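Below is one structure, written out as structure tokens; the observations come after it.
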Amino acid sequence: MRIHFSFVRAFFLLLSLGLSGVCHVAYAAPPSTGRYWVVLRDKAGVRFNPATYFAPQALARRQRQQLPLLDSTDFPVRPDYLRQVQAGVDSVAFVSRWFNAVSCRATPAQAAALRRLPCVRSIERCPDAPMLPAAQPGAPERGTPEVSAADHQLAFSQTASLGAADFRRAKLDGRGLRIAIFDVGFSGADQHAAFQHLRTGKRILATYDFLKKLPYVYAGGSHGTEVLSCIAGILPDGTALGLAPEAEFLLARTEQLHREQFAEEEAWLAAAEWADRQGVDIINSSLGYTSRRYFPEQMNGRNSLVARAAAMAVRKGILVVNAAGNDGLDPEWRTIGTPADGDSVLAVGGLDPDNYLHIGFSSYGPTADRRLKPNVTAYGTVLAAAPGGYVRTQGTSFASPLMAGFAACAWQQNRNLTAMQLFEKLQASANLYPYYDYAHGYGMPRASWFTADGPKKPPTAATFDFVAQADSMLAVIIRPGVGQVAARALPLYSDSVDVKAPSISKDKLAAVPAVGREELAPPVSDGAEKSPPAGATPALPDPPSYLYWHVSDRRGVLRTYEVLDVKQRAVLQIPLRNLHAGDTVQVHYRGSLLLIPPNEASALADGRGLRDYVAQGHTCCSGPKCAVARQCGRRYAPLQHGPQSDFLHSFLPGLCGRGRQI
């Protein structure tokens with residue numbers, strides 16, 4: 001249960017924005033001792049040998065990406081500075097090389113004394129009690145050893161939808177890549193049959209619990225077990241639950257199941273420094289921090305410690321993949337959490353396997369500073385391994401590892417890519433790219449883009465046209481023979497001010513907990529039907545064909561976006577009065593994307609009409625081939641390819657009927 005008082009939120013927002021460092025909070029509860037973040041002044045005189053500190057794989061990663069083998073952030077803190085801090089506080093919890101900082105517990109008097117030390121640059125109080133008790137998920141249901149046909153189909157399609165067959169043909173399975181998973185716990189992963197191949201191959205290289213400071217992580221919760229299975233799990237019949245079963249893994253426990261504390265962000269940072277040292281290529285973080293710690297206005301990739309830690313990991317050549325969050329149906333939040341808000345963090349949203357659209361609980365973008373999020377999407381409902389067998393579960397926590405496994409295969413194909421080059425290519429490979437919106441990002445990446453066939457070019461023939469309806473309306477018409485199937489507006493619509501959550505399966509999805517705390521659902525039963533016969537390959541149905549469109553301002557920030565289920569050729573009408581100077585209109589349908597660029601949209605919005613747009617050659621119409629031009633003797637609109645029906649002329653009054661020239 002949450003308590004929301006607008007005046008309290010406003011007060012603490014002003015307070016938090018006034019703090020310049022790591023610990024932006026929305027509450028204050030000073031105990032006798034509290035947690036403090038102490039930033040030290042310098043690292044002068046410190047010596048450091050990267051060859052003895054880093055694993056060879058870490059140095060090789062930096063060399064491949066032409067990064068320096070070390071910089072000042074790799075050096076340890078000055079021992080004399082650390083001793084001075086230790087002498088003046090109750091205890092030291094964590095020391096960060098990357099930020100030259102110490103997390104400690106101290107009384108207010110001790111903190112005041114620390115501020116006077118010459119070695120201390122700054123000190124901030126980081127309250128570590130949660131603002132309100134976090135949601136307490138019930139005991140997870142144990143999996144069942146039997147996998148129904150419906151669940152087997154889901155297991156197959158969660159990877160097939162991303163192009164698993166293309167990766168298999170290219171022999172891309174994550175081999176040679178190191179992936180770190182930061183999570184709540186990995187109960188049962190050390191015994192589960194889905195990971196027998198990892199144990200046999202000794203490919204779980206290291207484990208560490210950064211909360212208890214112990215190497216054992218196979219307790220605390222099974223969320224990490226399900227996440228691991230969505231990268232590398234294998235069903236008894238050989239069906240892969242993820243795309244990178246041959247990768248190597250490091251498992252880090254950084255999160256407590258029943259409470260959110262600032263200590264968890266420090267644990268995330270500690271795990272990232274550990275992963276960097278061990279030569280990790282990819283971090284999967286199916287975790288996020290939102291309303292119990294921050295305000296939506298702070299989700300800009302710079303406020304939280306964990307977002308800054310993720311950015312530093314990317315600077316070291318690590319790809320950071322993070323769940324977008326499960327707050328899409330929460331009217332008080334809705335948007336992504338942190339560290340998914342980081343500009344170099346690949347935030348992964350969830351798709352509904354039944355319709356390939358945004359799944360209701362998946363958090364929306366943009367960030368507080370209006371950057372695109374999520375970046376890409378994958379299934380938000382999956383079959384995963386859990387203690388006792390297998391379960392069907394929901395959450396962007398599982399879309400993220402599907403994408404982490406995808407990224408491992410893509411990187412395996414070209415190991416010379418930098419982390420940010422891979423980031424950009426993952427976006428460019430998505431099925432909607434370069435179209436984007438705040439529900440789907442660029443869409444679902446395609447493995448074929450990375451395999452021997454190379455990047456797939458968009459179809460040369462357009463699938464639709466922009467058409468003028470008088471001078472007041474811009475219409476979108478599906479071309480003959482492309483889609484003969486009124487467009488039904490799907491329950492997915494947004495603008496840059498108010499994001500409205502879709503109602504698809506809302507009743508079913510409303511209870512999905514925060515990212516990192518998803519509960520399990522029992523497998524779907526088909527009665528007596530069990531797993532399909534060995535060797536049987538389920539069929540992956542073609543995804544539905546939707547028309548996506550948006551209007552963006554001159555900065556690329558979306559004013560409006562929508563998805564339409566195409567049922568007839570006349571799909572969409574856009575009133576020109578709704579366009580602003582600098583706006584761009586983009587429409588995507590069946591791999592074809594057209595846009596009206598800002599200068600043309602401005603002309604339309606200023607009332608100069610579509611004649612300027614046509615005259616400047618930005619249409620799909622090609623002179624005498626334009627069907628309306630043949631019938632009217634003028635260049636009226638960007639229509640082509642075959643005779644137009646009377647329906648079109650009834651839909652477009654003021655063109656041929658009135659002899660209007662544009």
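Glycine residues also receive a Cβ, built from the backbone N, Cα and C atoms like all the rest.
Residues or ranges marked as signal peptide by TrEMBL: 1-28.
If you look up TrEMBL, you'll see ASP183 (among others) marked as active site, charge relay system. Cβ neighbour count for ASP183 (active site, charge relay system): 28 (other Cβ atoms within 10 Å of its Cβ, all protein chains included).
Per TrEMBL, the feature domain 'Peptidase S8/S53' maps to 217-443.
Marked as active site, charge relay system by TrEMBL: HIS223 (among others). Other C-beta atoms found within 10 angstroms of the C-beta of HIS223 (active site, charge relay system) number 31, with every protein chain shown included.
According to TrEMBL, the active site, charge relay system annotation covers SER397 (among others). Just so you know, the Cβ of SER397 (active site, charge relay system) picks up 37 other Cβ atoms within 10 Å once every protein chain is counted.
Following the DSSP three-state reduction, the secondary structure of ASP183 (active site, charge relay system) is strand. For the pair formed by SER397 (active site, charge relay system) and HIS223 (active site, charge relay system), distance between Cα atoms is given as 9 Å, rounded to the nearest Å.
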